[in-house]
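Visitor: Got a structure for you, written out below as structure tokens; questions coming shortly.
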Amino acid sequence: MSLVIVTPETVAAAALDVARIGSSIGVANSAAAGSTTSVLAAGADEVSAAIATLFGSHAREYQAISTQVAAFHDRFAQTLSAAVGSYVSAEATNAAPLATLEHNVLNALNAPTQALLGRPLIGDGAAGAPGTGQAGGAGGILWGNGGAGGSGAPGQVGGAGGAAGLFGTGGAGGAGGAGAAGGAGGSGGWLLGNGGVGGAGGQSLLGGATGGAGGNAGLFGVGGTGGPGGPGGPGGVGGTGGAGGLGGTLYGAGGHGGAGGPGPIGGVGGHGGVGGAAGLLGVGGHGGAGGHGAEGVAGAAGEDLSPHGTSGGVGGDAGDGGTGGRGGWLAGAGGAGGAGGVGGTGGAGGAGFSRALIVAGDNGGDGGNGGMGGAGGAGGPGGAGGLISLLGGQGAGGAGGTGGAGGVGGDRGAGGPGNQAFNAGAGGAGGHGGDPGAGGAGGTGGAGSITGAQGAIGATPTSGGNGGAGGNGANATTAGTNGANGGPGGHGGLVGNGGAGGNGANGAAGTNASDSGAVGGKGNSGGNGGQGGAGGDGGTLAGNGGAGGTGGRGADGGLGGSGAEGANATTAGERGQDGGKGGNGGVGGTGGNAVAPGANGGHGGNGGNPGFSGAGGLGGLSGDGVTRAAQGATPDFADTGGKGGNGGNGANAVAPGGTGASGGAGGNAGAGGKGGENITARNGRKRRGRRQGRRRHPARSHGIWRQWRRRRPRRLDGPRWQRRCWWRGWLVSPVAIQPSDYVGRAGPAPQRNWAPNQCSVGSAITESTASGRTPPPDSCSTAETAAAA
């Protein structure tokens with residue numbers, strides 16, 4: 001007879017599979033019912049109808065049988081599900097007497113030892129209650145694991161783990177309460193068993209507590225790992241990691257030391273725990289890693305009462321690695337030293353503030369300096385080797401731990417922009433970048449037949465804090481005032497790049513002249529653009545200089561005023577005044593200097609573009625009399641663009657005879673300004689010339705406006721030019737048209753200048769008479785015509 005084993009889980013899975021199969025068959029039957037029970041006849045004859053009826057009857061009989069099979073299938077699945085409950089109930093019923101029997105037998109065996117020694121013969125120890133710091137119970141004398149210790153209340157040490165018996169593992173130590181150390185791990189079995197893990201140290205307001213030590217192994221076994229140190233409070237130190245437990249007395253490796261607790265904000269990391277020593281034969285435990293330093297506190301941003309940003313906090317130093325455990329007395333390599341922790345990053349400097357709400361036109365606040373990075377922890381020394389090895393030599397010493405990397409210097413705060421009140425404020429200076437922390441020293445190798453390798457020195461960051469960017473100057477808002485200068489960029493740390501200088505602000509446009517008075521007023525000059533800020537210097541060890549800021553754009557000059565309207569018959573209108581002069585573009589900022597060998601200087605900033613000059617005023621309106629109105633005056637031309645900034649100095653060569661680094665490129669000068677447009681009044685008409693939709697005639701110096709949108713240029717012969725000027729009332733100045741005015745245009749260049757209808761004695765009429773041509777009628781007075789004759 002074969003042995004049959006049935007478990008409730010297997011029967012439950014079979015019942016589920018049966019239910020799924022029945023569901024799939026039911027879906028297939030439902031899908032086929034419509035097309036099989038109602039078969040259409042292939043033709044109208046009796047044979048086709050009989051065949052269709054036969055197939056339909058078979059399908060209906062199949063559906064009836066399928067319904068009965070589905071009902072049986074459902075009852076079978078329900079029976080299997082009910083059998084699962086029966087099996088579970090039967091096993092529970094059978095297990096209860098066995099459990100009772102086992103418990104009674106153990107109680108009978110443990111009663112004498114419990115009464116004599118206070119611990120059972122076989123069984124695990126009880127765990128301590130949480131929050132009480134209660135120690136874990138001891139395991140059975142013959143066999144059993146120790147119970148875990150309970151966690152401690154605030155200020156209470158965690159409970160120790162219970163010890164194992166002849167065979168078993170020690171219990172884990174409980175975590176310490178706030179400010180208290182963790183509990184030690186329990187010892188392993190006397191004959192065979194590993195030590196328990198130490199409890200973690202608690203956190204306190206000032207410093208973290210020490211982690212619990214790992215439990216020791218028995219005759220054979222591995223020591224327990226030490227508990228990690230607790231994290232420190234604000235400004236405190238992280239707790240030291242717990243020491244590793246001892247390895248087996250005859251054979252076994254030592255336990256690893258616990259890691260040091262991390263430092264709090266701006267605090268120092270804890271040191272790693274010492275590795276456990278091996279017994280007669282075995283390898284020493286590794287030292288615990290040092291705790292990492294915490295990041296420095298970020299600087300506060302400026303505000304209304306204190307616009308300058310504060311400096312960032314210094315990053316916390318990292319903890320040192322723990323010492324490696326000693327190798328076996330007879331033979332065994334020493335444990336490796338723990339790695340040093342990584343230094344904390346320096347805090348970022350606070351940003352400057354623009355006090356626009358309190359002080360009108362105030363300068364922006366300076367950005368805070370970045371904090372210095374914390375130093376990396378030193379690697380732990382390697383453990384000493386054993387007396388001999390299996391090959392006859394001494395045991396090798398453990399390798400020293402690697403030093404921790406230094407923290408990165410904090411970034412700078414950016415300078416605040418100036419505000420746009422009556423006098424535009426200059427941008428604030430950017431903060432200087434923080435220096436990086438130094439890498440930790442490598443641990444020394446342990447003594448032995450072969451001295452352990454020296455640990456590597458921790459890496460020093462190659463990118464420290466960068467200098468802050470200078471704030472931009474505020475744009476001028478009052479007409480004719482100058483834009484503010486941009487703030488200088490901050491200097492880099494030991495290895496940081498210099499910050500870029502702030503951009504200069506734009507000047508404010510000049511005001512237009514008034515139209516009142518006999519002679520139109522002169523337009524006011526536009527404001528000058530602000531100077532770009534200088535770039536910051538690069539770091540001492542490495543880092544490029546910052547780029548200089550771009551100069552601000554000069555503002556446009558104001559429009560000149562129009563001349564007054566002339567009186568009737570005797571007086572002509574006065575001429576308009578000059579337009580205002582455009583502002584000068586700002587000077588570009590100087591690029592930062594490179595300090596470290598091989599680094600490049602920063603590029604100089606670009607000079608700002610100048611503003612456009614204002615247009616000249618319109619001539620006064622002519623009266624209905626003798627003398628014609630004078631044309632408006634030509635405005636001043638805008639000044640030149642701003643000077644480009646100087647490039648930063650390149651660094652010196654590293655080796656004698658080497659080539660120094662390149663200095664930064666100088667900035668580009670600003671573009672030259674555009675001159676103002678000449679505006680001319682119409683001849684003898686009480687309205688000003690329109691400029692929209694028109695552009696200048698090729699003879700630009702004549703002041704002639706012509707509609708070019710729908711008309712092509714024609715040959716400029718004398719009579720046609722006279723008629724056109726007379727009918728349209730154009731004013732033509734007696735200045736020779738140069739053939740160079742027609743360069744690039746179609747048609748021949750004119751041979752002479754015709755100046756019809758000038759209506760001034762000895763000019764246009766004299767010119768026309770001398771050439772043998774008759775001037776157009778009806779424009780000059782009788783006196784002028786007679787005088788010309």
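Going from the start of the chain as shown, residues are counted 1 onward.
Backbone N, Cα and C atoms are what each Cβ position is placed from, and that goes for glycine too.
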Visitor: Pick from 352-371, 452-471, 492-511: which range does TrEMBL record as region 'Disordered'?
Guide: 452-471
Visitor: Out of 261-293, 294-326, let me know the one TrEMBL marks region 'Disordered'.
Guide: 294-326
Visitor: Treating G and I as helix alongside H, and B as strand alongside E, what does DSSP give for the domain 'PE' (4-94) in helix, strand and coil?
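Guide: Its residues fall into 79 helix, 0 strand, 12 coil.
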